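A quick write-up on the structure given underneath.
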Amino acid sequence: MAVVLGASVLLLTLLCIAVVPSHGALQVGFYRGKCNGTDVEAAIRSVVAARFGRDRSIVPALLRLHFHDCFVRGCDASILLDGSGTEKTAPPNLSVRGYDLIDQAKTELESRCPGVVSCADIIAVATRDAVVLGGGSQYTYAVQTGRRDGVVSLASEAIRNLPGDSFSASQAIAAFEAKGLNASYMVWLLGGHTVGVTHCSFIRNRLYSYNGSGKPDPTMDPALVNLLRSRCPQSSTVDNTVFLDHSTPSTRGVLKVDQNIAMDGATNATVRSLANGGSSFPSLFGRAMVKMGAIQVLTGTQGQIRKSCRVVKK
């Protein structure tokens, strides 16, 4: 009887193990030898390089796309899914772009090895390639791959999880820590704003009537206010873009959250160290991108490999 019971328990244990999703680990070179002789990362790099040659703003576009994807359900390409009520439709994502580049890379790879390369990995690799093209070889970092694609995308979750551009330093720190990124990682990642742009609509209130005062944000440098006003007229119907980096001192941020972080006691030392060249920003930024790229990833048999990045595979 004991032998029969023991065998039954062993069989039940094996069955339970069989139905638990496999949690594989991300690794550098995951696709090596898996795409019919195609170098997956080289194929993605070729697509990014061609776009960069025509449009250098693809660098901040992909950085933002990757960031907004990873902060909602992890780095699972859920931001790419089309449909009513998906992450794409959330207000913070309405100006996100770069989707077509990811589509192009996916189409190219599907033609060479169908059902192998995830959309989530394409985002991560393409973002790294854009950063290197925009910033130089010192920004090179190894991308871990092996992510799989999610099947859920909700605008409500994007609204709830994405940090706001006017967050206080403590709010921003809390939002990043909720994703496993400490204050230093947050500062390093937000340093990506040095290659970015923002729309006037995100900063116009700081320039003309901060908190309904009828005056600009008193913490902003007057010279920076005047410079930005020339690009962002108060009554303009065109939502122009402005560069986030004006080669200004570390306490003069275009976005409120950047300035808050630069001035707050919890983060000021890290910001100043970067601004004064006391730390190697490219290597620290690369470390932070790798860390962010591993947030709540799906691996092994979790999720799926979509055929089209815009649609869940049925």
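Every residue gets a Cβ built from N, Cα and C, even glycine.
Keep in mind that TrEMBL annotations are predicted by a computer and have not been checked by a curator.
Marked as signal peptide by TrEMBL: 1-24.
A C-beta separation below 8 Å, combined with a sequence spacing of at least six in one chain, links C113 (disulfide bond) to K34, C35, N36, T38, V40. Feature annotation from TrEMBL assigns disulfide bond to C35-C113 (among others).
Within the same chain, residues at least six positions away from H68 (active site, proton acceptor) with a Cβ under 8 Å of its Cβ are I79, E87, P92, N93, V96, A158, L162. For H68, the entry in TrEMBL reads active site, proton acceptor.
For D69, V72, G74, D76, S78, E87, the entry in TrEMBL reads Ca(2+) 1 binding site.
As annotated by TrEMBL, disulfide bond applies to C70-C75 (among others). Within the same chain, residues at least six positions away from C70 (disulfide bond) with a Cβ under 8 Å of its Cβ are K179, M292, G293, I295, Q296.
Within 10 Å of the Cβ of C309 (disulfide bond) there are 23 other Cβ atoms, across all protein chains. The feature disulfide bond is assigned by TrEMBL to C119-C309 (among others).
The Cβ neighbour count for P163 (substrate binding site), using a 10 Å radius over every protein chain in view, is 20. The substrate binding site annotation in TrEMBL covers P163.
As annotated by TrEMBL, heme b binding site applies to H193.
According to TrEMBL, the disulfide bond annotation covers C200-C232 (among others).
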Cβ neighbours of C75 (disulfide bond) where a neighbour is any other Cβ within 10 Å: 27
Chain-internal residues, separated by at least six, CB under 8 A from D69 (Ca(2+) 1 binding site): C75, D76, A77, S78, I79, L80, E87, A120, I123
Other CB atoms, at most 10 A from the CB of G74 (Ca(2+) 1 binding site): 20
Nearest of the binding-site residues (V72, G74, P163) to C200 (disulfide bond) - Cα to Cα: P163
